[in-house]
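Here's the structure we're looking at; comments come further down.
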């Protein structure tokens, strides 16, 4: 715990040496522990109220030590645009005298007077706020002030001031990005000694952010603050600083999003150790301190260097700080209960989270984005891929509710805009060290088999990807399919896992020919379901069967029946299309635990029905051994031996909890009817009589009994469920209806049992009574799509 500090006397203060952004009249004590800033009573009140009533928000601000009344009025920058910097005592005194002479005019109504730009000195005051000095403890602190917001003035600002600030916002990065570089100091920030001050700093004043920096070059200009070989800060150190700042910034956004406040012309103050050698020492000392304090760290991340709160460590000398990030300047800040979060300021903090990630060959950037949040990724240089899909250069890709990675084989530079829940750069000494190298080798072997199949006019490889849950099976299937299409092949991909749909809703089994690129932004990673709307990538046309259960062993007999029907259709397509025939089949199987006898039997059924000749097992030596033993003497229907290949599970595979999976299922249902941010759809609402519909529901059963369908009349129990529209006739027997292919889906919005009317949402118009509908038991009801 930090020891309490006393408010210093005026005669103990001296000029503050690290001021940026035109802050005039700032002081510090002789040992640099406190920072004294002239302010108004309103700003003092804000600090005191925040410290007492909003402690989590106060943690985002510099520690408020107290207040100080100086012996005479001093000029200050009160958090506005910060035009000009006056430090000469005679200039300051002259300005004070001028403002005192004009004090009478300041009592007039603000909109009736002529407002004159402050040039960094807005009002006279003898009050100052005493704060913890954020540059204290650094050997060579690099300091960056980022002014936040698109709107820079409070409601009570004079009209002339509002108009001027509106013009400044329009002409700078404030307008589109919600922030502007207000000033910065960089140790050894230039190779030209004439550009450095007597402390070897390059100073960037207010004009730099207003006239040099724009929307197109702002990222490169921000790089000047971090990446500085002249000071010994190389790419690796710079990336570590950027990643840590990004996490700190995410905390600020989270806290601000939970409070109702209005701040105008507030800033983010970025400070980090600007001397490369001192920075390395600080990181090392903080890491050692963290190990002594909390035991071995869970991840390889640098600590920010902010003091820990364990009282048992109070006597131990704290390590030097690595970096600090704080919200500052609250001259125009007020708590506004009932007004919602401060979107004006939050916009700037979100855009400030834009960063550059440099990946060397065979490295991966792994990231997690929660539901309700979005990031945008651009490849600025080099080449990169997501699940085998090559990302276009400088194209913006948006991701939400995702846990994934971006891989480069030759090196790349990524621009990432937005905040993640977690991110990590996986570094490998060589391509061979990356588990993805084994996937590329597997693809190369499959390609050899496909090429041979073309010349010999026979079937290409039929591959089954198996393994326990959460081993990366679906990612590998997507990667192999994408690699194949990039080589000009057209494999059939079969989804045998009902838990996650492929080009369809969850609860289904599906198959489709993949002859064109996949959509890396799609919620399921495959692409969009067939709809009447336009698509950014060619739409795939899947064959879909409705299982209506979560797990294959919920109804193993019916699961076998459906996989047999898919196999028959796949076999027909292979015999009719030479290009597809030589490309082969890739099967994404369900997750099977190592001790599941039913699961292994169902895998064997898929192998038999689809004539699988290569089984790839991810992340399970035991399953690899058991399947090798089981299929060692067996042959496919074409007389081929069945090869078993065991591959390691990538350490990048993450656990997806049930909440995450539930959200993904709900999004898939929502996007089926309404589209996504890139493509809006207009589903049709139909009010239908009970008697006009034929609805079947799977009866209750045990795992050892054969489930059957029973016809049900619409009821309130069906509300918010999704029903499958079957490719069958209402007159067909239930067993035929159940095993028919799926035409589409409808959503039950409302059921009026008194009027015997049901309200349905359908992707297209048309009579629904011509086709039977099936209600399954999974996925469970979604929220009311129509509100």
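Note that Cβ sites are derived from N, Cα and C of the backbone, with glycine treated the same way.
Please treat TrEMBL annotations as automatic predictions, because they have not gone through curation.
Copied over from TrEMBL, here are the features:
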DOMAIN    359-453  domain 'Clp1 N-terminal'
BINDING   364, 403, 470, 471, 472, 473, 474, 475  ATP binding site
DOMAIN    467-674  domain 'Clp1 P-loop'
DOMAIN    681-780  domain 'Clp1 C-terminal'
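Here the features listed in TrEMBL are painted onto the structure.
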| residue | record | DSSP (3 states) |
| --- | --- | --- |
| 364 | ATP binding site | strand |
| 403 | ATP binding site | strand |
| 470 | ATP binding site | coil |
| 475 | ATP binding site | helix |
Quick one: average pLDDT across the domain 'Clp1 N-terminal' (359-453), no decimals. 93
Pick from 403, 470, 473, 474, 475: which of these binding-site residues has the biggest number of other Cβ atoms within 10 Å of its Cβ? 473
Within 10 angstroms of the C-beta of residue 471 (ATP binding site), what count of other C-beta atoms is obtained when all protein chains are considered? 22
Have a look around residue 364 (ATP binding site) and count the other CB atoms within 10 A of its CB, chains all included. 22
Can you tell me how many other Cβ atoms are located within 10 Å of the Cβ belonging to residue 472 (ATP binding site)? 21
State, in Å as a whole number, the widest CA to CA span among the ATP-binding residues 364, 403, 470, 471, 472, 473, 474, 475 given in the record. 19
